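Reviewing the structure listed below.
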Amino acid sequence: MKNCHRQIIFIALVTLNLIKISVATLFSGNYIQDFIIEYAPNHVYTSPNGRFRTLSLDHDSGSGFASKEKLLLGQFDMQIKLVPGRSAGTVVAFYLKSGDGNNRDEVDFEFLGNVIGKPYGLQTNIFSDGSGNREQRIHLWFDPTKDFHTYSILWNIYLTMFMVDGIPIRVYRNHSDKGVQYPQWKPMNLVASIWNGEGWATRGGKDKIDWSKAPFIASFRNYKVDACFWRGNAGFCRANRPSNWWNNPRFSQLNPWQRKMLIWVRKYYMYYDYCTDHKRFPSLPKECTIAL
């Protein structure tokens with residue numbers, strides 16, 4: 001009987017530990033609690049209640065913050081107001097990254113500043129096992145410097161979808177079964193930063209940063225993270241279970257309204273797609289030949 005009780009207790013403890021390995025959860029909404037400042041703390045301002053944060057760039061440094069937790073799959077929303085005025089050469093980024101090594105995974109929003117009178121560029125990119133070069137660029141249908149807008153990443157076992165105010169602007173599907181790389185095994189930190197990209201960001205580097213306009217300030221608020229906290233068990237995060245709502249099969253496809261809006265964005269606002277750049281890729285990447 002004692003041995004039986006020991007076995008029951010052992011099984012219960014193992015089960016409890018498995019549950020603790022990974023948990024699906026929401027961030028608190030407080031930048032102080034949920035994020036660390038990665039660099040240049042004197043270029044980061046956080047409101048006393050932790051609900052609002054700015055990042056600044058000047059001739060000395062950019063700045064950035066990253067989540068304390070690593071995450072594997074979920075949805076990530078951030079309200080951002082971009083640098084006003086002449087922002088050419090600046091890059092504001094909101095992204096997921098597994099690390100800084102050559103085999104990193106990464107899912108990127110990059111906001112490319114511009115001269116006055118010209119629209120911001122929004123570049124998205126996907127890295128899997130260090131392989132990137134999957135850029136798409138759009139202009140936005142509003143001025144992103146006038147007010148906050150919500151930028152979202154839905155990352156699940158089926159696809160990665162980029163959204164602006166709930167409107168899909170890009171879908172990158174998991175075609176790993178067809179030999180296409182897809183980020184799905186490495187946990188990532190959620191990161192935001194502002195930095196000097198004048199070598200390439202605006203008209204291929206022709207428009208440089210006007211440092212007399214510094215500091216360049218981007219503002220962040222009202223983020224929401226509903227994702228799987230990494231505790232060493234990829235299987236838990238990838239499972240189709242109620243807490244992992246993003247892995248429900250209904251999120252493997254866009255609904256009719258989402259498909260309509262994605263077509264609208266691609267038709268009227270996309271100005272670069274690596275899948276149509278035959279000069280850069282004489283033989284197009286495999287994912288470009290597979291239907292969305």
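Every residue gets a Cβ built from N, Cα and C, even glycine.
Model, not experiment: these values are computed from the prediction.
Copied over from TrEMBL, here are the features:
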- 1-24: signal peptide (SIGNAL)
- 14-220: domain 'GH16' (DOMAIN)
- Glu106: active site, nucleophile (ACT_SITE)
- Glu110: active site, proton donor (ACT_SITE)
Please work out the mean pLDDT for the residues of the domain 'GH16' (14-220). 94
Near the residue listed as 'active site, nucleophile', how many other Cβ atoms are within 10 Å of its Cβ? 20
Can you tell me how many other Cβ atoms are located within 10 Å of the Cβ belonging to Glu110 (active site, proton donor)? 20
